[in-house]
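Student: Below are the features listed in TrEMBL for this protein:
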{"type": "BINDING", "residues": "Ser13, His72, Gly148, Phe149, Gly150, Gly151, Asp181, Gly182, Gly183, Gly203, Ser204", "note": "substrate binding site"}
{"type": "BINDING", "residues": "His38, Asp40, His72, Asp181", "note": "divalent metal cation binding site"}
{"type": "ACT_SITE", "residues": "Asp40", "note": "active site, proton acceptor"}
{"type": "ACT_SITE", "residues": "Asp181", "note": "active site, proton donor"}
Amino acid sequence: MTDATRDFLIAPSILSADFARLGEEVDNVLAAGADIVHFDVMDNHYVPNLTIGPMVCEALRKHGVTAPIDAHLMVRPVDRLIDDFIEAGASYITFHPEASDHIDRSLQLIRDGGCKAGLVFNPATPLSYLDHVMDKVDMILLMSVNPGFGGQAFIPGTLDKLREARRRIDASGLDIRLEIDGGVKVDNIAEIARAGADTFVAGSAIFKAGSEVDPHRYDSVIREFREQLAGVR
Ligand code: DX5
Ligand code: ZN
């Protein structure tokens, strides 16, 4: 896939949403033009924070959310939760290779459950984890912050890593999305896209951008993201 044909997807991270009104928040970002719901699962073990699990994913499906749900598992061990998220209606399930004893098996479990599988790379995790499983991933997620919290600053070295991941994907000829997560803002999304990303997670940039008139409307920030991305094509 070349830059010219790559489609860009926006994936709001609900970590920064108002959890007391989560269904409505997800409805609002989707109505504002978001493509994918990024769902951060933290276990206070693999990462030093605790968030939401499969019951909340299932609740969003029951609420009527039909958009793809991108479950980003920051948990150890991962396999048991993979099954739970398949049952809960996740579309993508991604995990950190360091958190699985058997990476190939975990990827296979996800695909066997009918979901799209992905590996997540922390800032210091090498892309060599892809060497023998490239044909088993549908998504490569590069963390541009250390996982655990929203609202952190984008680590600039991730741009070179994105270029390397893009080279690997293009050389493989496979249909693999390249997602970026952490510190994505209106003023850096174009540069991130030029480095090769096609799927953009943004938490604080979207959910803290509601207008004063209506703090839960996200049209304008998503429009600004799209305007920035339009200049990249
Ligand atoms: C961090 C999470 C991110 C986080 C991004 O561990 O994986 O998805 O919500 O938040 P922002 O966009 O605020 O950096
Ligand atoms: Zn995430």
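Glycine too: its Cβ is placed from the backbone N, Cα and C atoms.
No curator has checked TrEMBL annotations; they are predicted automatically.
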Student: Please give the maximum pairwise Cα distance, in Å and rounded to a whole number, for the substrate-binding set Ser13, His72, Gly148, Phe149, Gly150, Gly151, Asp181, Gly182, Gly183, Gly203, Ser204.
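Tutor: Largest Cα to Cα distance for the substrate-binding set is 17 Å.
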Student: Rounded to an integer, what is the Cα-Cα distance in Å between His38 (divalent metal cation binding site) and Gly150 (substrate binding site)?
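Tutor: Per the Cα atoms, His38 (divalent metal cation binding site) and Gly150 (substrate binding site) stand 12 Å apart.
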Student: Counting other Cβ atoms within 10 Å of each Cβ, which of the binding-site residues Asp40, Asp181 scores lowest?
Tutor: Asp40
Student: What's the CA to CA span in angstrom from Gly148 (substrate binding site) over to Asp40 (divalent metal cation binding site)?
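Tutor: Each residue's Cα considered, Gly148 (substrate binding site) and Asp40 (divalent metal cation binding site) end up 9 Å apart.
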Student: Roughly how many angstrom lie between the C-alpha atoms of Gly183 (substrate binding site) and Asp40 (divalent metal cation binding site)?
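Tutor: Rounded to the nearest whole number, the Cα-Cα distance is 15 Å.
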Student: Could you list, ordered by sequence, which of these binding-site residues: Asp40, Gly150, Asp181, Ser204, have a Cβ under 6 Å from ligand 2?
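Tutor: Checked binding-site residues vs ligand 2; flagged Asp40, Asp181.
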Student: Of Ser13, Ser204, which of the binding-site residues has the most Cβ neighbours inside 10 Å?
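Tutor: Highest number of other Cβ atoms within 10 Å: Ser13.
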Student: Express the distance between the Cα positions of Ser13 (substrate binding site) and His72 (divalent metal cation binding site) as a whole number of Å.
Tutor: 10
Student: How many neighbouring Cβ atoms, not counting its own, are there within 10 Å of the Cβ of Gly183 (substrate binding site)?
Tutor: 23
Student: List every residue in the same chain as His72 (divalent metal cation binding site), at least 6 positions away in sequence, whose Cβ is under 8 Å from its Cβ.
Tutor: His38, Phe39, Asp40, Val41, Thr94, Val120, Leu141, Asp181, Val201
Student: Measuring CB to CB from Gly150 (substrate binding site), give everything in the same chain under 8 Å that is also at least six residues away in sequence.
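Tutor: Sequence-distant Cβ neighbours: Ser13, Leu15, Ser16, Gly203, Ser204.
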Student: Is Gly148 (substrate binding site) helix, strand or coil when read with DSSP?
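Tutor: Reduced to three states, the DSSP call for Gly148 (substrate binding site) is coil.
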Student: Provide the three-state secondary structure of Asp181 (substrate binding site) computed with DSSP.
Tutor: strand
